[in-house]
Every structure is written in structure tokens, then in C-alpha cells.
Amino acid sequence: MGRMMVLEELIERVGGCAVIDGGFATQLENCGAKIDDPLWSAVCLIREPDLIKEVHLQYLEAGADIIVTSSYQATIPGFLSKGMSIEQAESLLQRSVKLAVDARDSFWKVVQNVPGNDYNRALVAASIGSYGAYLADGSEYSGYYGPDIDLDKLKDFHRRRLQILVNAGPDLLAFEAIPNKIEAQACVELLEEENIQIPSWICFSSVNGEHASSGESFKECLDVLNKSEKVKVVGINCSPPQFMENLISKFRGLTKKAIAIYPNSGEVWDGRAKRWLPSECFDDEKFKTFVLRWHKLGASLIGGCCRTTPSTIRAVSKVLKDRTQAQ
Ligand SMILES: C[S+](C)CC[C@H](N)C(=O)O
Ligand SMILES: N[C@@H](CCS)C(=O)O
Ligand SMILES: [Zn+2]
């Protein structure tokens, strides 16, 4: 049971609000990675594992209490379609966890004995992107998977990757940018069927600030998650920061679970052109002005998603640390 409580323990240890890292793919690109590929950022697991570790270290140094692995778009069928064997695909999934654990351990080894350091030993969350992320057609923002996809197919899609990631030893699972209720249901059923003994968060995407990306209500979606003891945290990621106040308040009324938010910058992903379209954005200063409001409304895990960077996370972490030090 011990391992199921790591998120609650972290939230308590940091004084009520833990910091999630920021856009991982974004920072890989800022460091020179080329990710215009069906595997998106997961292509770096093949080509540039050292860079993945370096980006984890940058987010740890910026103050992240939780780092999310590079497995968002890493899938067994995705690697197979690159001509790899199942063994190679599974070993790349394991690698995503190992790189994050190694970064966390080596960072902690250095800072834990530095007098006056205000870091916490970070947790590693294994990222599980949606089926839509694997499709690489932008459907993590539409929730439309076509007429042939049902609950069992979604469970089949997620099962083996989930097993491999859990066995690689992360502290928790992060289901990211889930766009619809059926996939939330598939994740919850898998956690039970596979008897997963580490906690999960399940975060949705939203394109209108009211509903899940599919158009389904968050009441329907959270009703599914509320029934699971294995889902410790629910939330929103990779959606515009302008939506967060409304969505945190809405979620607070729909669940007793802890709430995570890690919005993107506000730019909008064009799934066909595979680029970010400019839109109303939050810069780091704007993030800073909203962090405490988001926390007061009910978020106890706050970070950033696409197009945010270590400097965003440094800003978020500073606001939260200044607050606890003033208390
Ligand atoms: C969160 S989106 C920007 C990730 C990339 C998308 N699944 C694609 O491959 O186009
Ligand atoms: N953890 C992933 C989420 C993409 S939406 C990343 O930051 O790249
Ligand atoms: Zn994102």
C-alpha cells in the first residue's frame, strides 16, 4: 500500500502544491531535437537518449517535484512501424523510465547534501499518451477515433505498454491528454485488470474550456474516474491556461480527488500541418500571476505542458516556494 500514497505524501511534504515539469517535447526541440515524426518526441528515445536525460535534469534544476517520462508517443506499434522488433520496442519503453529515474537519482545525489537547498526528491511519472497521440493526427484534441474503436480495442492498445512501463519502476503513471470518456474508462479498467500497485493521474484535454475534447461533459468523465481507487489525481493538461480557473472550479465540484493542471502556453496544435498556431498565450510572468489562484481554487499539482519550458517551471516553483517560506 505504501507506494500508492507517494503523491499524497509529496503534496503534504511540499506544503500543499507540488510542481510538475513543463513541455518535454518543447524543450527537446529547444535543445535542437528534430521531432517531426510519427513518434514525435519519442523518436529521441532511439536517436538521442542523452538529450532526454539532459532535459529531465533541466526541469529538475528548475524545481520540478515530478518529472514525466518521454513515453507520451512511444508505443509498441509505433516502434514496430519503424521496423523494430517487439524486444527493441519494449526496451525503448523501459529506457524512457530509466532515463528519468537516472536523472532524478543523479540530481538528488548532488543536491541533497547542499546546505540550504530547497529541492525535494522528485517523483518519476511514466507518461501514457492517448490513442489519439499514437494516431498522430491531432485526435488527442478531438476525441474522435473513428467508428471501429471500442473499449476493448483501447484496452488492447494500452495494455502491454502499461505493463512494460510499470515494470520499469516509475513512481506513478501519468495518463496525458485523454480526450474522451471511453478512453478514461479503458484506462481505469486496465489499472484494475493489471492490478497496478502505483498511483495514477488521468488528465484530459479540452478545446473549449467546458468539456472534454470529445464534447462529453466532465461530469460523465469524472464519474468514471471517481469509482477507481487507483486513480489518485484527475486533471487537465495541454489545454489553454485561460481555461484553468473555470475547469479547476468545475472539477472541484465533481470529485474529491486531488486536481492536477499543467496547461500549454495557449498556442493551438494544428494536427494536419503539425505545427503550433499562434494564439492568446501566457508567458512565464502570466503563469506566475495565476499559480496561487489556481492553487486556491483547488489544484494541488501545477506545471506546464507544450510550449512551456524550464523557465516557466522555475517561475511556478518560485511562487509556490515563496509562499511556503512566508508562512
Ligand atoms: C500534444 S500534440 C502536440 C503531440 C503530437 C501529436 N500527437 C502528433 O503526432 O501530431
Ligand atoms: N509529457 C508530454 C505531453 C505532451 S501533450 C510532453 O510534455 O511532451
Ligand atoms: Zn502538451
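Placed from the backbone N, Cα and C atoms, the Cβ positions cover glycine too.
Just so you know, TrEMBL annotations never went through curation; they're auto-generated.
Database features, via TrEMBL:
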- C238, C305, C306: Zn(2+) binding site (BINDING)
- 6-320: domain 'Hcy-binding' (DOMAIN)
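Using the Cβ center of C238, C305, C306 for Zn(2+), the list of other same-chain residues with Cβ within 8 Å runs, in sequence order, G23, A177, N237, S239, Y262, P263, N264, G304, R307, T308.
C238 (Zn(2+) binding site) is surrounded by 25 other CB atoms, counting those within 10 A of its CB over all protein chains shown.
Across the residues of the domain 'Hcy-binding' (6-320), the predicted structure has a mean pLDDT of 98. Cβ contacts within 10 Å of C305 (Zn(2+) binding site), excluding its own Cβ and spanning all protein chains shown: 29.
A sphere of 10 angstroms centred on the C-beta of C306 (Zn(2+) binding site) encloses 22 other C-beta atoms.
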